[in-house]
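These come from TrEMBL:
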TRANSMEM  46-64  transmembrane segment
TRANSMEM  71-90  transmembrane segment
TRANSMEM  102-119  transmembrane segment
TRANSMEM  131-152  transmembrane segment
TRANSMEM  164-183  transmembrane segment
TRANSMEM  299-318  transmembrane segment
TRANSMEM  324-345  transmembrane segment
TRANSMEM  357-381  transmembrane segment
TRANSMEM  393-414  transmembrane segment
Amino acid sequence: MEQWKVMVLICLYGAVKEFRPTEPYMYEYQHTVLNMSEHTLNSQVYPIWTYSYLITLIPAFLLTDVFLYKPLLVFEAFSYFLCWIIFVFGKSLWSQQVLELIYGWATATEIAYFAYIYVKVPKTEYKSATAFTRAALLVGRFLAYALAQLLIGMNWCSYQTLNIISLIAMTIAVFLALILPKVGWKEAYEKKLETHDIQGDLKEIVDQSSYTDYLRLFFVELRHNLLAIYRNPLILKWSVWSALSSCIFYQVTNYTQTLWGTLPADENKFNGITEALVPLLGIPADLITRQLNVNWNKWGDLLLVVGSVLQGGLLFWMSQSNHIVVLYLSYISYRVIYQLTTTIAQSTLAFSLDSRLFGLLFGINTFVALALQSVLTAVVIDWQKLEIRPQFVVYSCYHLVVAVGFGIIFAVWASRRFFKTSTN
């Protein structure tokens with residue numbers, strides 16, 4: 001019963017912290033209400049999130065275990081709270097820059113949300129815990145975006161009202177984070193020892209240990225797991241794709257609202273429902289993909305080539321179109337393809353990787369993706385200072401380069417298989 005109470009609390013926290021109706025109309029608020037130009041937002045505001053996320057991710061990953069999870073959850077909730085305090089009261093350029101800095105902190109510490117529940121539930125419940133915690137995030141986003149669409153679409157409120165609603169939700173999220181049960185170091189130490197083939201009573205071993213022993217085990221495991229992950233060429237290949245794909249995905253989602261904003265303001269009233277449809281369509285797509293009986297170790301490269309080409313085509317279409325419906329539908333399609341290929345990548349890794357290493361692999365791949373995104377941002381926005389439509393042409397070409405790379409890998413594999421069959 002206690003475990004289910006914790007599960008309900010962490011899922012409630014996850015749904016509430018994602019309840020941010022501001023997000024689908026963030027660019028519109030900053031552009032029309034705060035009177036900030038597209039160039040100012042693209043070059044002086046939005047890139048800060050990328051750099052902040054990158055710098056904060058590794059410390060957040062390490063400190064999650066060192067500080068025993070809950071403090072990072074409270075930090076995440078408080079960071080989101082500060083963001084929406086700034087949204088409600090901040091009107092200047094520097095306030096929006098500080099907002100993006102803090103938003104990067106909040107995004108980086110999300111790793112504690114998933115790590116916390118694994119300490120609190122038995123290993124037999126990991127699968128359901130993962131499903132519930134991820135579903136909670138999707139539900140929170142869907143409800144927030146649907147509400148934003150209703151309120152803005154019916155002209156029932158202003159963008160500032162969305163900021164206030166989001167701030168109220170973030171205040172509740174801070175409260176929920178504070179009342180989550182603490183994780184004791186002994187509890188976390190015992191969980192880590194369960195994954196090792198240790199003879200004897202674990203509770204007795206833990207009682208005779210110290211917090212220093214817990215930290216020593218954590219860093220020893222970290223070093224061992226790093227070596228274990230990247231000795232496997234299959235894991236290395238899918239990790240490279242994950243980093244490349246996530247890099248451009250973060251960039252596209254970060255600047256899509258700016259692209260929508262190039263059209264007349266009265267056409268951009270369906271941002272909310274567009275964002276809300278993404279998780280709704282992503283869930284069935286995810287379930288269908290998991291049921292496909294395909295050997296992705298063999299055919300995965302071909303899938304990545306096709307997916308990258310389609311995504312590149314969608315981004316190029318978006319860069320040239322002046323019809324908001326085309327932009328909305330292309331964006332939804334882009335997100336669903338990303339969800340499909342990511343699910344296949346995760347399913348493939350599940351057959352080759354100990355489940356304990358998923359968090360570490362995800363953290364490393366995300367860090368590499370952010371490093372690549374930082375380089376892309378520096379070149380495209382800071383150096384070349386491209387407008388938003390030429391930016392999306394560059395992002396389209398990026399996908400085509402990825403497609404060519406994995407196309408070569410698939411061609412090499414297919415030719416080897418052909419010649420091997422011919423020889424036999």
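Residue numbering: from 1, along the chain as shown.
Backbone N, Cα and C define each Cβ position, glycine as well.
Curation does not apply to TrEMBL; its annotations are automatic.
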Contact call for the transmembrane segment (299-318) and the transmembrane segment (393-414): at least 3 Cβ pairs under 8 Å, seq gap 6+: yes
Result, the transmembrane segment (324-345) in contact with the transmembrane segment (71-90) (3+ CB pairs under 8 Å): no
Among 46-64, 164-183, 393-414, stretch most in contact with the transmembrane segment (131-152) (C-beta, under 8 angstroms): 164-183
Top partner of the transmembrane segment (164-183) among 46-64, 102-119, 324-345, 393-414 - counted as Cβ pairs under 8 Å: 102-119
Long-range neighbours of the transmembrane segment (393-414), counting only residues six or more past its ends (CB under 8 A): 237, 241, 244-245, 248, 251-252, 298, 301-302, 304-305, 308-309, 311-313, 315-316, 319, 376, 380, 386
